């Protein structure tokens, strides 16, 4: 099942549990606006090439729309639609005053030079600048984009609208980016895991963890768990996978990855196949890479008792069912990885105020938001006798539906 079908299915189930009016349900599902633009740029050799860019603005009932821009060859309207909708529910679960959006350009960023990426970003911004804005739609980095990409968008947007640092988040600190933003998604995942484990009478320092994906999110999750005293027994990324049942030395592994760009020839662990990581013997499994990695083929072999979804949509609905029957507790993506968008919100607030926070304040506020969101999610689970995923979806959908009704959507 693709991401859009799975997201729609979760939404419809939540709407049924909440007893939403069918007209309101349909209205919440349809995106506010879909944008598709052609971006033609000269390559470094002078040849002209065209790319297709998308921006889906899903809902703005609770505030400006918010969501990443990804550069990836598989960017298509269906995927962007699903991720925009997920952002609507995610911002509502975290209780930050945003709606959902998502964008992307279908390209292979590794095959483009830095100057080609800059030209592509600027042309994309020129095409959408009058449809984004501080109080309209605030982009952020995603797969294949980073702080530099946001700096180009800020500069290009500012040519039309004057200096506007709050138009994007995830910027370099020198241009108004927030301290703590780089670690925010990973840190939020750890705070989310802590909230779930505490509720189960367990602590990170007593458990073993397997982490799939060792990019920005996965490496921060591993580093923070290691610092708390948890044992990271297996890690994988596209270059390979390593395991050590006594716990990997994460600082040494991070240094090795930085020096060589690879995981698999790390001396402090044994090589394993990347597929094996998801079914590796551990207490907590944290998928931090792509969607759909847990499916009906491998769900039955998962040994972890807890799954914390740091990636978007890593568990497809078939796997969800199999794992629930096995008694595995799954902390859903729309709550677990909301740390990134929460600190993006803090960055936006700092830019609007023109007053920057210290990193301790950013982390303290993030912990407060993640803990409060978990408490709200749990009370939805108790009110509606549902699992954590439906608890999160009913919490998010209910908040958006309430805002929509209060604003007078039928007029």
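First residue shown is number 1, and so on along the chain.
Using the three backbone atoms N, Cα and C, a Cβ is placed for every residue, glycine included.
Annotated in TrEMBL:
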type	residues	note
ACT_SITE	102	active site, proton donor
BINDING	66, 90, 344	substrate binding site
BINDING	185, 216	NAD(+) binding site
SITE	142	site 'Important for catalysis'
Output field, substrate shell: CB within 8 Å of site CB centroid, site 66, 90, 344 dropped: 67, 87, 91, 94, 96, 98, 100, 140, 338, 340, 341, 342, 345
Cβ neighbour count (within 10 Å, all chains shown) around residue 185 (NAD(+) binding site): 24
Distance, residue 344 (substrate binding site) to residue 185 (NAD(+) binding site) (CA atoms, angstrom): 10
Candidate recorded positions 102, 142, 216, pick with smallest Cα gap to residue 344 (substrate binding site): 142
Distance, residue 216 (NAD(+) binding site) to residue 66 (substrate binding site) (CA atoms, angstrom): 20
Minimum Cα separation from residue 216 (NAD(+) binding site), reported as the residue among recorded positions 90, 102, 142 that achieves it: 142
Other CB atoms within 10 A, centred on residue 142 (site 'Important for catalysis'): 22
Site of maximum Cβ density within 10 Å, from binding-site residues 216, 344: 344
For residue 90 (substrate binding site): intrachain residues, at least 6 apart, with Cβ closer than 8 Å: 100, 333, 334, 335, 337, 338, 341, 396
Close in space, distant in sequence - the residue listed as 'active site, proton donor', Cβ under 8 Å, 6 or more apart: 55, 56, 58, 67, 68, 69, 70, 80, 81, 83, 84, 87, 142
Other C-beta atoms that fall within 10 angstroms of the C-beta of residue 66 (substrate binding site): 28
Residues 66, 90, 344 binding substrate per the record - widest CA separation, whole Å: 13
